[in-house]
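Report on the following structure.
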Amino acid sequence: MLPSTSLSSSMHGNGVLNSRDAARHTAGAKRYKYLRRLFRFRQMDFEFAAWQMLYLFTSPQRVYRNFHYRKQTKDQWARDDPAFLVLLSIWLCVSTIGFGFVLDMGFFETIKLLLWVVFIDCVGVGLLISTLMWFVSNKYLVKRQSRDYDVEWGYAFDVHLNAFYPLLVILHFIQLFFINHVILTDTFIGYLVGNTLWLIAVGYYIYVTFLGYSALPFLKNTVILLYPFAPLMVLYGLSLALGWNFTHTLCSFYKYRVK
């Protein structure tokens with residue numbers, strides 16, 4: 001479920017597993033422990049999870065320094081406490097209900113939108129992105145001298161959650177206060193404000209993702225994860241020149257979903 005360290009580089013003759021095999025051997029147990037804690041709220045540290053959410057905005061490097069500390073104390077990089085995931089889910093539900101209210105949706109339309117956003121936009125897309133990043137990082141970014149190390153899928157999912165939270169707050173919460181009276185007014189100021197919020201949100205996602213993988217000492221060339229900034233800036237400039245309002249497109253898509 002998480003990046004692992006090595007005690008030996010290969011299978012010994014006496015049958016002892018190398019670190020990569022050992023990590024995979026225990027991954028199932030760690031996943032089971034994590035999922036089991038999802039239903040034990042008293043064991044979750046919500047205060048610490050809230051602290052992480054704050055610092056993902058103000059100083060995301062501090063969040064990943066804590067990941068290093070966890071590796072040293074618990075011998076794992078990924079979170080073993082699902083409190084962050086629970087708080088993120090609450091944020092997602094509340095902000096989606098707010099979207100339904102702003103777009104003047106009925107009760108059942110809002111519930112349908114909520115199910116779409118949670119299970120498709122968050123969980124489905126999150127699983128897809130995490131799996132892609134897990135594959136790419138293990139295939140192309142692991143240092144040659146560190147082949148006994150690997151990025152486990154669970155850590156890739158944690159990085160996605162970290163990067164998704166600022167994007168969620170910007171696009172699903174802050175943006176709500178500007179949608180009807182500014183962003184959807186079909187003026188230059190409208191799509192300037194809306195598209196700038198999209199630029200900041202997606203930029204945050206790219207940057208926090210980069211920090212997550214650059215925090216792993218056995219990966220190389222993680223700077224390539226910043227390359228999407230270039231096409232993002234080009235797309236932003238084109239959207240302003242062509243009058244393409246990203247938020248208007250999103251709202252139309254949400255309304256189409258719940259028909």
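Glycine is no exception: its Cβ is also placed from the backbone N, Cα and C atoms.
Membrane topology per Swiss-Prot: V159 and K259 sit on opposite sides, carrying different topological domain names. The highest tally of CB pairs under 8 A with the transmembrane segment (113-133), across 83-103, 164-184, 223-243, is held by 83-103.
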